[in-house]
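> Starting off with a structure, shown below.
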Amino acid sequence: MPLPRPLRPFAHRDYSILVSAMIASVFAHGMWAVAMVYQVRELGGGPAQLSIVATASSLGLVTLVLLGGITADRLSCRRIIIAVEALSLVVMTTAAVLAVTGAIQLWHLSVVGFLGGAGAAFFYPAYSALLPRMLPAADLLAANGVEGTMRPVLQTAAGPAAAGMIVAALSPGHAIVGIAACHLVALVGLRFISRNPAYDTHGEHTLAEHQHDGGAEQPATAVSAAPSTGALPVVAPSTGALPVVASARTESGPEPGSGPAEEPAAEPDAEPARRPSMLGDMREGFAYTLATPWLKWTLIFAVISVVSFIGPIEVLLPFIVSDRLDGDAQTFGFVLAAFGIGSAVGSIITASLRLPRRYLSVMVLVWGFGTAPLAVVGFVTEVWHLFAAVFVVGVTGAVGNVIWGTLLQRRVPARMLGRISSLDFFVSLALMPVSMAVAGPLGEIVPLWVLFFVAAFVSPVVGVIAWLAGRMREDELAHPLRSV
């Protein structure tokens with residue numbers, strides 16, 4: 001009996017190992033969010049000290065994520081992920097020993113935060129680049145849906161809850177011990193991933209599997225960009241490639257401004273030939289993005305959309321809860337939970353369906369119009385109104401994110417998938433602090449309902465502009481992506 005569509009990726013051994021390690025790692029990150037706060041407080045720190053530790057983590061991520069993408073395109077993604085987990089294990093074990101023995105200091109936590117952010121900067125591009133090497137193309141949508149479901153549940157619910165119980169029963173140091181144990185589990189599991197994955201970036205079958213399927217899905221001819229050249233964030237996105245038996249391939253440049261005609265072939269998961277310079281690799285990634293309309297305009301849309309609504313949600317939503325609804329911290333926590341549940345539901349729904357034929361149109365327009373419920377936030381009179389609004393935003397955001405991650409893995413040339421994934425990550429994160437910094441002062445002089453109303457309709461307008469300017473309707477028809 002065939003597996004349900006969302007579970008099909010688990011039929012592949014390497015993917016099952018990778019996603020199990022990802023679960024342990026994301027759970028650890030969720031635990032750290034709570035353990036860090038209470039360790040700072042145990043040391044006598046306040047909001048300022050906590051901000052320093054949190055900022056160190058953000059700096060590690062934002063400053064190194066582009067380098068992480070370049071590295072993913074140069075080295076073995078499997079080795080990068082293993083190295084990141086090994087570093088995380090060493091760092092967290094050291095922090096746990098210091099915390100349990102009472103020797104830990106605030107600067108230690110800042111270093112741990114920075115190294116944790118740096119590890120994520122290398123982990124996620126490598127993860128994105130490795131995933132298509134383990135799965136056929138038809139299973140990538142489901143795999144991205146699995147991640148989109150598990151990440152908010154583990155990172156914003158299960159992980160923090162577990163850490164909270166350990167802190168309450170023992171101490172923050174013991175919670176950090178639990179974090180180190182999670183990274184140990186992830187590291188041990190990753191060692192069992194095959195060195196030579198069975199699928200390339202198209203998700204082509206091995207010859208034996210293709211014959212078994214009766215040739216249901218013909219392998220594509222590879223076309224990549226000429227040499228020398230997850231959008232909206234959920235948590236990280238998302239948001240990467242190889243054949244045991246490969247079909248015949250050609251390599252040529254795309255038509256000007258069209259991006260890659262089809263998914264390009266990948267090389268085995270071994271270190272590729274060295275390029276002239278890492279700076280040259282970065283320029284190549286930027287040049288490819290600028291020359292690929294659907295990619296360029298989706299990222300432009302993401303930048304503007306993130307700036308318009310992240311600040312109001314992160315900074316101003318708590319005041320809506322307290323001032324309009326007389327809610328407390330628990331109420332706000334439930335609101336955030338509604339958003340997370342919506343994200344999980346949207347991911348499950350998308351993973352259960354085939355990739356839409358109009359995949360670019362569905363992605364950008366669902367993303368864009370999905371923020372419309374924010375228009376009612378400034379007028380809500382009941383808590384459930386707010387729950388419903390953020391739930392819908394969570395659902396639509398997840399739908400777009402799952403499709404986006406799949407498109408990167410199927411349409412971006414395998415040799416630069418790490419760079420493009422890291423650029424997506426960078427664009428999604430870099431201007432978040434700007435949005436949050438501006439939202440507070442604006443909230444002092446502009447009615448909150450106005451700011452949420454603007455946030456609700458900037459994304460739809462920019463989404464339509466991006467859809468038209470990127471000629472996405474024509475592009476998706478010219479480059480169909482089959483899914484079974």
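Backbone N, Cα and C atoms are what each Cβ position is placed from, and that goes for glycine too.
Quick caveat, the model's predicted, so the values are computed rather than measured.
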> Transmembrane segment per TrEMBL sits at which of 144-166, 420-442?
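Checked against TrEMBL: transmembrane segment maps to 420-442.
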> Answer yes if the transmembrane segment (360-380) and the transmembrane segment (50-68) have at least three CB pairs under 8 Å among residue pairs 6 or more apart in sequence, and no otherwise.
no
> With a Cβ cut-off under 8 Å, give me the same-chain residues at least six positions beyond the ends of the transmembrane segment (299-320) that come close to it.
231-233, 289, 332, 335, 364, 367-368, 371, 374, 377-378, 380, 386, 390, 423-424, 427-428, 431-432, 434-440, 443, 448, 451-452, 454-456, 458-459, 462-463, 465-466
> Are the transmembrane segment (15-38) and the transmembrane segment (420-442) near each other by the rule of at least 3 C-beta pairs under 8 angstroms (pairs 6 or more apart)?
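Per Cβ check, the transmembrane segment (420-442) does not touch the transmembrane segment (15-38).
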